[in-house]
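Novice: Feature list, courtesy of TrEMBL:
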{"type": "COILED", "residues": "102-129", "note": "coiled coil"}
{"type": "DOMAIN", "residues": "1-62", "note": "domain 'PAS'"}
{"type": "DOMAIN", "residues": "64-118", "note": "domain 'PAC'"}
{"type": "DOMAIN", "residues": "130-203", "note": "domain 'PAS'"}
{"type": "DOMAIN", "residues": "207-258", "note": "domain 'PAC'"}
{"type": "DOMAIN", "residues": "276-494", "note": "domain 'Histidine kinase'"}
{"type": "DOMAIN", "residues": "520-638", "note": "domain 'Response regulatory'"}
{"type": "MOD_RES", "residues": "D569", "note": "4-aspartylphosphate"}
Amino acid sequence: MASSSDAIITKTLDGIVTSWNPAAERIFGYTAAEMIGQSIQLLLPADRLSEEQAILRQISQGVQVAHFETLRVCKNGIQIAVSVTVSPILNEQGEIIGASKIARDITEKRRAEDELRAYRTQLQRQISTTTGELSAIVQTAANAIITTDGEGRIDVFNPAAEEMFGWSHSEIHGNSVACLLPELEAQAHQQYFRQADTAVRYRSIGVSREVRARRRNGETFPVSIALGHTRLAPDQPYFVAFITDITAQRTIEEDLRHAKDQAEAAMRAKASFLANMSHEIRTPMNAIIGFSELVLADASVAGTAREHVRTVHQSAKDLLGIINDILDYSKIEGGKTELERLPFSLTRLLRDVLRLLDQEARHKQLALLVEVAPNVPAICLGDPTRIRQILLNLVGNAIKFTHAGSITLQLKALDDGQIHFAVRDTGIGMTEEQLERVFELFTQADVSTTRRFGGTGLGTTICRNLVELMHGKIWAESSYGAGSTFHFTLPLPAVHSTATPVLLPADDYELSARAPRAFRILLAEDIATNARLVMLRLSQLGHEVIWQDSGHGAVDACLKDDFDVVLMDVMMPDMDGLEATRAIRMMRPSDATYLPIIALTASVLPEDHRRCREAGMDAVLGKPIDLAEILQQMETLVPAGRGRFNPTLAADAAADIPAALAPLAPLIQLPRALRLWGDAQVYRLALEEFCTAHGADGQRIAQQLDTTPELGRRMAHALKGVAANLQLAAIARLASTIDVAIKADDLLQARQSALELQHEFGQLLPLVELTRSSTPATNTAAAAPPAQQAEVPQLLQALRGGLESANPDDVRSLLTQLEVLLGSAAVQPMVVAVQHFDFDQAIALADSLILNRQGQA
């Protein structure tokens with residue numbers, strides 16, 4: 001009794017307590033002393049007194065009362081729930097003398113049961129509500145919702161399903177879901193259904209599928225179905241299908257496909273139209289530009305007549321520019337523009353742009369300036385042709401809209417590897433409204449702008465599209481009446497290469513070393529005007545031209561006669577140039593000398609150029625024809641040993657070369673050198689100075705290889721620029737080889753090239769000395785006092801710093817001072833380089849002078 005957790009109480013048949021264990025003390029709060037001898041009725045609520053009397057009656061009759069749940073009152077007045085078991089107590093004679101009561105506190109149990117009942121009631125209400133909501137959702141859903149058991153028998157079939165399939169719920173309930181599918185789909189679906197459990201394991205259920213469904217009337221239609229899966233019991237799979245009728249979507253997609261096909265057909269028609277129009281427009285333009293150039297080349301045409309022809313020629317070139325703008329925009333719009341990724345020099349690209357626009361700026365007395373930050377890489381990777389096109393457009397616009405002041409082209413490298421370009425002018429500027437529309441198609445400031453300045457309004461649009469094609473950004477800033485600045489940024493990664501770009505590419509060295517050749521040329525051209533122009537211009541240069549006006553005639557002529565090269569028009573009526581080329585390639589004997597075929601076409605579309613090459617043509621040249629380009633391509637493509645010496649070209653070249661320089665002809669492309677320098681005497685003096693300063697550079701560089709190779713490399717680098725500027729191709733090439741070899745730590749190659757370099761100087765030096773002896777002495781500069789000579793190193797260092805800023809105005813006075821101190825022969829090469837915005841070469845020349853003076857010291 002003492003260790004029991006239940007209250008154990010004994011009492012007489014009158015209800016007087018005779019024993020009271022510790023658990024009873026704990027449960028009811030009374031001690032044994034307080035309760036023994038007292039009536040058990042102390043624990044009874046007022047409404048439970050009769051309950052105790054009934055228990056005692058049953059006990060006196062020998063009946064046990066088991067697990068009777070009731071309420072009792074504790075000493076503190078709080079009622080608790082108890083479970084009571086009452087048994088009779090017998091004496092030795094077997095007579096009932098009292099009762100034993102076991103009471104267990106079940107208050108917490110009752111509370112938990114009450115809470116459970118309340119929760120169950122709440123849950124039932126929620127289930128009822130949710131079921132009603134789900135039923136409402138199913139009944140009102142726009143999509144068909146169908147449920148089936150594991151055998152595919154239909155259970156739920158909502159109103160949307162009824163409307164979609166034409167069956168009522170009562171008609172379809174219990175039927176197989178296969179009745180909603182065409183026969184082939186039904187068979188596939190049954191197979192799918194049998195594999196549903198496997199599909200669940202592999203998570204394929206729940207992924208939308210598109211199938212054909214069948215209505216009650218037999219009509220089939222496309223649906224999208226998503227299948228869900230659960231289990232009502234371990235052996236009771238349950239499936240839910242959500243079905244969407246996608247007939248309208250399919251119709252829209254079909255319409256879109258049709259519209260896309262139509263749009264593509266329209267684009268192809270547009271491209272074809274532009275190609276044809278390009279050909280039709282360029283053909284007469286070819287004649288206008290070509291023949292006007294011939295007239296302008298005739299010295300007998302002078303005065304007003306010459307001005308009229310010049311106006312015609314310039315107007316034709318302007319019209320050609322407009323045509324090119326329209327075609328460029330068409331190519332960009334049609335996604336036909338192909339970008340290149342080539343290593344190129346940004347400074348040389350800027351130089352090319354400024355050379356092309358310098359005359360136009362000078363005509364308007366505008367300063368054309370360039371500012372290149374020191375952090376701009378020497379060589380970048382990108383599309384130089386497209387970047388040049390953007391800059392020509394923006395700088396050309398700046399010149400067009402600026403009446404006085406300057407145009408500044410600025411470059412700097414950004415931290416994220418992009419190059420920032422800015423074209424700033426002091427022109428007419430734009431209002432905020434004009435600025436917002438500056439990159440829109442066919443937009444200029446206003447109608448009067450077009451009348452005053454001309455143009456298509458396509459230039460800035462083309463620039464924007466090209467910049468965006470190259471993953472860059474473009475924007476503009478402007479103040480009305482105070483000028484504008486156009487900015488754009490492009491990702492142009494720096495190229496870290498051991499090769500250093502030379503002023504002249506290797507192909508130019510090879511071409512300049514060749515003797516001029518005259519060729520026997522077959523011209524295939526159906527338009528007589530174009531044919532006469534080509535024949536006239538090439539004949540004047542000593543070439544023999546045979547004309548055929550059709551593709552068939554060209555093929556026959558190639559089989560019957562021998563030619564060095566073929567100029568083939570692409571668009572001819574009976575047999576076009578592509579077909580004629582294929583026929584020539586197929587019919588010519590395999591052992592015959594290779595016959596180069598050059599395409600002449602007015603088309604600018606890349607696919608047309610590709611078709612030319614696929615047909616077997618070696619090069620594609622555009623119309624209007626560029627005579628220099630034709631000559632260069634012929635000289636490049638015609639195999640060695642073909643053609644004959646061209647006395648016309650040789651005579652023309654020799655006619656412009658002073659007799660004093662004639663001995664240099666075997667080593668130097670003199671016509672090109674004189675075009676670059678503009679003055680034969682200044683050029684000769686520059687050669688003398690070059691030989692004096694660098695004549696022993698081969699030996700000097702070889703000596704440096706044993707002690708300080710880097711100094712030898714710097715000498716070679718400086719020599720390369722100076723030699724290229726003087727058109728000494730072989731020396732420039734060898735100096736470049738030495739520069740690259742030392743960078744690559746290939747000292748053996750560097751030493752070999754240094755020996756070859758000294759050999760070249762061995763050929764050059766006596767020839768230059770020969771020109772000195774045949775030329776009257778000229779005092780180029782008075783000897784400067786020693787005090788002034790001491791200023792030369794500081795002036796050279798200041799000059800080099802000014803050249804780094806790439807601004808001609810910063811170095812003009814320094815060049816003048818140095819020319820007085822050093823003579824024109826030493827300084828004039830730098831003057832020429834600066835005039836052509838070739839600051840790389842000017843820096844190389846300055847470095848050469850600095851090194852030479854250090855060596856002399």
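Think of each number as a place in line: the chain as shown, counted from 1.
Glycine is treated like the rest: Cβ placed from N, Cα and C.
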Novice: Within 10 Å of the Cβ of D569 (4-aspartylphosphate), how many other Cβ atoms can be counted across all chains shown?
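Specialist: Cβ-Cβ neighbours of D569 (4-aspartylphosphate) within 10 Å number 28.
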Novice: Go ahead and report the DSSP secondary structure tallies for the domain 'PAC' (207-258): helix first, then strand, then coil.
Specialist: 12 helix, 30 strand, 10 coil
Novice: What average pLDDT is reported by the model for the coiled coil (102-129)?
Specialist: 86
Novice: Please list, for the domain 'PAC' (64-118), how many residues fall into helix, strand and coil according to DSSP.
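Specialist: Helix, strand and coil residues of the domain 'PAC' (64-118) number 12 helix, 31 strand, 12 coil.
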